[in-house]
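This report concerns only the one structure given below.
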Amino acid sequence: MSDADDNNSSGRRPLSLKRSGGGTVQQSFARGRSKAVVVEKKRKRVATPAKDGGPGGKQGGGAKGGESALAAKARQLGLSEEELVARQRAIARARAEAADREAQKKQDAAAMAQRAASEQRQLEEQRERVAREAREAEEAAQKAIEDEARLKAEAEAATAAKDSGRKRDDESSRRRPPAKDEKRTPEVVPMDEASALEALGGRVKRKGGAAGPGPAAKQQPARAKTDNRRRGKLTIQNILEGDEERQRSLASVRRAREREKQRRQDTSGGREKIEREVVVPEAITVADLANRMAERSVDVIKYMMKQGQMVRMNDVLDADTAELVVEDFGHIVKRVSEADVEQGFIDDDDADEAKLPRAPVIAVMGHVDHGKTSLLDALRSTDIASGEAGGITQHIGAYQVELKGGQKITFLDTPGHAAFSAMRSRGAMATDIVILVVAADDSVKPQTIEAIHHAKAAGTPIIVAVNKCDKHEANPQKVLTDLLQHEIVVEAMSGEVQSVNVSAKTREGLDELTEAIALQAELLDLKANPERSAEGIVIESQVDKGRGPVATLLVRRGTLKRGEIVVAGAQWGRVRALVDARGQQLPEAGPSLAVEILGLDGAPDPGELFAVVDSESRAREIADYRQRKGREATGGSSPASASLEQMMARLKQDETQEMPLLVKSDVQGSAEAIKQSLEGIGNDEVRARIIRAAPGGVNESDVLLAKSSGAPVFAFNVRANKQARELAEREGVEIRYYSVIYDVIDDVRNTMEGMLAPEKRENFIGYAEILEVFNITKTGKVAGCRVTEGVVRRGCGVRLLRDDTVLHEGKLKTLKRFKDEVSDVRAGTECGMAFEKYEDLRKGDQIECFEVIEVARKLEA
């Protein structure tokens, strides 16, 4: 079988070279000849690398043994295929990230440019608005002036026309005398169009002045015929000739009529301006001032612009400026002060017929460890003293005791430690009777004397309770004798002060003490009105973790009920709960009862007065005013120094080292006592600076504040939560926990003593006499000396004496015995000595040797 048969049988074409492409083109020649020309088109074949895994991937590229391009490139770089792929991916990822960063950078730049353009546009709009308002104000003023001038001119023109008409009437009447029997009737003069327009407020321009009957105007020569196209149009020739009357349009006449109507309404029939009484406080915004005057804010702003001040609606004006604005707008000014918000907060005393007897409030005061809390425990049959840290009371406790006869007494247990002076002062101010507890074995102590002074300053009667009479070394008579030095004369010594010998341990004399209290209360005739809103004093406050701000209040008069709105110091809130000393919920609290309240927005300062107000708005207003005053008092800038002494004192104060501290305590009174004690420790060189002293546990904000201030945190009877502990550990903030105030004061005192510069003391050690002076080449002058007294040590301080006069004071540079350096030379021994930076040595001079020692300083107690 032939190849042709095979091809035909398989249906395939025979193999042949395919031309790259071509065709025939008819080519024309001169004289009508043409020829068919074969055209061949050549095409270029472009070789491209085959894709990975493609059909030709293993055969192309010229790699040895069918190796792929990727493997060849990897082998060329000394990498594996996976490493090359990873590198290519990393490069692609880096390029993509770079492209993303570039796009983000362009986007940020566009946003920044857009924001800058927006700010610039807002600034330009604000400037345009201010300029537009000024321009409108100026145009309004100019328009008013023009209207006034126009109305005046119209009035003068009307008067002139009326006078000319009257003259014409008189002249015509003289020419033609009327008949005797003929009745005179007013002659009606026809009004031309120009006069009608003038009456309506229009304006007519004439060449010869005002129109009216009179001599005939001089006739103008006839003009040549003009083009009708220029008819009715204003030309230069018409302006020069001026014989044609030109009038305003009907719309202009209508506007003039409306202006005249508006003017008549403003002068005669318009509404009258109302004069108001405007209350002007110490500071007020422009919008609020305009609202109180019932004026537009734009008018007030325009007025201030005329005065040369650029203000906005929310800008604050002082009282003097606001008063001038109100007076210029025609209103009555009523000046008030910010302190007026507290008017009526504490009412006057009640009428005697409305008062009822109340329980006395007793403050137990005295020196620390004299048994005040134990005496109260004996009266209440409780045991509180054993549960207190260190066995001392560190905040005021309020309790109410019911005696056997049914009489109730409210006790306030005040701390006796020296740090709680402010608490004792509050206790004396808030009570009716002071029980002065003095230990029979310890007699009068400093805090006893302080308690006496507090009671006398408050005018509170005193009952002396001589405690611990059961001890063998007790001497009650010595106590009463020592009290005479402080003007406390008891009844046993012909005085007026009651005294009772008691023992909290054996309960001796408790009945006599209660009888003395009842007698003193009966003499005081204590009464209060329970049927009124409650008023009283804040005894203590704290921030409880579960209950929030808690304040202990002593009701002096009235009845405090649940749900009422209370303002206590700079805090306010609605009473959510009333809790007595036993932890029981009460619906209300009457006079002489101490209760804890919940619901305030913060812990008030102890010693502040509290009262019930009628609305939340008034409570918020009073609290905001007090908080603002507190911020001004603590953050106000000191006035500039007016003398050299004040400037030097301030510079000296700036050089004082400060120890920053952050104090958190269980109650506000303890924080106040710690702050007062620590601030009194320092001197002119070092002092404690309390960054914050507040009740409540240590939280994260306290740690951050301590970190920024470089201060440790002192936690008194409180703990830090978990987040605060972790943050303090990360930031390196030290948190110290205390339960006794002694330890706080001692630690701070020791730390501040370490900050003091040590005291330098000079200690004399010996004398030496110069026998001969030698000049050494490298060393300089060296004195050959004999130690006459004491000892001379190398590096000690020296003074050169000549004729008992100190010529030089410095340090000993060299001390030699023969040719050897020695550490010291004793009396009777010769040595060689050289001074630092001094060589004026002579035979016979005396050398005084001394040492400077540093002694740690102590702070005064």
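Backbone N, Cα and C atoms are what each Cβ position is placed from, and that goes for glycine too.
The feature region 'Disordered' is assigned by Swiss-Prot to 1-69 (among others).
Summarising the annotation, Swiss-Prot assigns compositional bias 'Gly residues' to 53-65.
According to Swiss-Prot, the feature region 'Disordered' maps to 92-273 (among others).
For 94-108 (among others), the entry in Swiss-Prot reads compositional bias 'Basic and acidic residues'. Applying DSSP to the compositional bias 'Basic and acidic residues' (94-108) sorts its residues as follows: 15 helix, 0 strand, 0 coil.
Here Swiss-Prot flags 109-120 (among others) as compositional bias 'Low complexity'.
According to Swiss-Prot, the feature compositional bias 'Basic and acidic residues' maps to 121-155 (among others). Taking H, G and I as helix, E and B as strand and the rest as coil, DSSP gives the compositional bias 'Basic and acidic residues' (121-155) the counts 35 helix, 0 strand, 0 coil.
Among the features that Swiss-Prot reports, compositional bias 'Basic and acidic residues' is placed at 163-186 (among others).
According to Swiss-Prot, the compositional bias 'Low complexity' annotation covers 213-223 (among others).
If you look up Swiss-Prot, you'll see 255-273 (among others) marked as compositional bias 'Basic and acidic residues'.
According to Swiss-Prot, the domain 'tr-type G' annotation covers 357-527.
Taken from Swiss-Prot, the feature region 'G1' covers 366-373.
Annotation source Swiss-Prot lists GTP binding site at 366-373, 413-417, 467-470, citing sequence analysis. Following the DSSP three-state reduction, the secondary structure of Gly366 (GTP binding site) is strand.
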Residue distribution over DSSP helix, strand and coil in the compositional bias 'Low complexity' (109-120) = 12 helix, 0 strand, 0 coil
Intrachain residues whose Cβ lies under 8 Å of the compositional bias 'Basic and acidic residues' (121-155), provided they are six or more past its termini | 198, 201, 259, 263, 298, 301-302, 305-306, 310
Least crowded of the binding-site residues Gly366, Asp369, Cys469, counting other Cβ atoms within 10 Å of each Cβ, is Asp369
On the region 'G1' (366-373), the mean of the pLDDT values is 78
